[in-house]
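Here is the structure we will look at.
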Amino acid sequence: MAAAAVAGVAGLTSGAGRKRLLREEDMTKVEFETSEEVDVTPTFDTMGLREDLLRGIYAYGFEKPSAIQQRAIKQIIKGRDVIAQSQSGTGKTATFCVSVLQCLDIQVRETQALILAPTRELAGQIQKVLLALGDYMNVQCHACIGGTNVGEDIRKLDYGQHVVAGTPGRVFDMIRRRSLRTRAIKMLVLDEADEMLNKGFKEQIYDVYRYLPPATQVCLISATLPHEILEMTNKFMTDPIRILVKRDELTLEGIKQFFVAVEREEWKFDTLCDLYDTLTITQAVIFCNTKRKVDWLTEKMREANFTVSSMHGDMPQKERESIMKEFRSGASRVLISTDVWARGLDVPQVSLIINYDLPNNRELYIHRIGRSGRYGGKGVAINFVKNDDIRILRDIEQYYSTQIDEMPMNVADLI
């Protein structure tokens, strides 16, 4: 493994084309622990991409590839199996979207790439990025997700889709019904692989994988890749290229992390109300560990005359989509959510994350707070810590080699 230091990177957010520059001094501290044969391709022009794809990349607002894009895209295009780990907010989604689009034969109206994601929202966002980047290619791409009409899925798949992005359950269902034909699939991408391969999705991924042609290329992308996950990759990857960030560098440099000591659960609500008074928030996400807590807190905040919106996995798909749309557009400014929101959803203007509950596992911590300063933007994360949570907080600090200080009085100035 060779370690390559990373120079400053320009990254971009969603189709609105907001430019966010990762500060150079931050990026030099991130070390990629990478297979020796991986070289750096500094521009999109030198990646050997097709013209119509390049047009889409520049039209989308990208100028210079991010660190992960400079390393991974060329390897994926070459046909290598790739394990890519990159900080939250450094352009992971576009990394595999560009690679997938480059490898398609548009003339062949069959599914050639399959992208699996742990949540419906993430699968939907991947589809949007694919369609935007592939705008000049006439690419057909479908999001195959639970909570939507099965008949519509079947109709779209019968029409012919070059790429299918989806959640494992629905994708497997479509393969079993023979609506999603797998014979032309060349590439399988697992996004947020740590979450996907955890107990809940492991079986479903294996079910899907069994139906794919034996020579299918596999790419695994995630912000965290714990050791036990890497062991599992041996089962369905051949001589993979590794593009890894050292674990303790994964906390984003631009994010200031604080804790507020609350002795008991009941005190959290008052603390949150006090914070509302002192913080002029641009946009904020408040995380709770359970759907019930999200509903309870939302109701309590509204009773206290605070305007909030909320989202969790039990809500109907249509409702979740409209809540996300409102939040993305800035129409709603505070979102209370479970971890369904924490994975890979781009809302560039979020500058504050509050962990009303500390996450149940330490890997989720980075997914949550990595949201609040995407592409090196400034962000603040505030953790509400009960007496019996101190141990968990110290564990998170140690795991990410970071420091979480007590929240200062002037926290509003940092946002």
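Each Cβ is built from the backbone N, Cα and C atoms, and glycine gets one as well.
Now, the feature entries from Swiss-Prot:
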type: BINDING; residues: LYS64, GLN69, 86-94, ASP346, 371-375; note: ATP binding site
type: DOMAIN; residues: 73-243; note: domain 'Helicase ATP-binding'
type: DOMAIN; residues: 254-415; note: domain 'Helicase C-terminal'
type: MOTIF; residues: 42-70; note: motif 'Q motif'
type: MOTIF; residues: 191-194; note: motif 'DEAD box'
Review point. In the motif 'Q motif' (42-70), how many residues does DSSP put in helix, strand and coil?
Key: 17 helix, 0 strand, 12 coil
Check your understanding: Which whole-number mean pLDDT does the model give the motif 'DEAD box' (191-194)?
Key -> 86
Review point. Which state, by DSSP, holds THR93 (ATP binding site): helix, strand or coil?
Key: helix
Study note, to complete from the structure: Taking DSSP helix as H, G and I and strand as E and B, the motif 'DEAD box' (191-194) has 2 helix, 1 strand, 1 coil
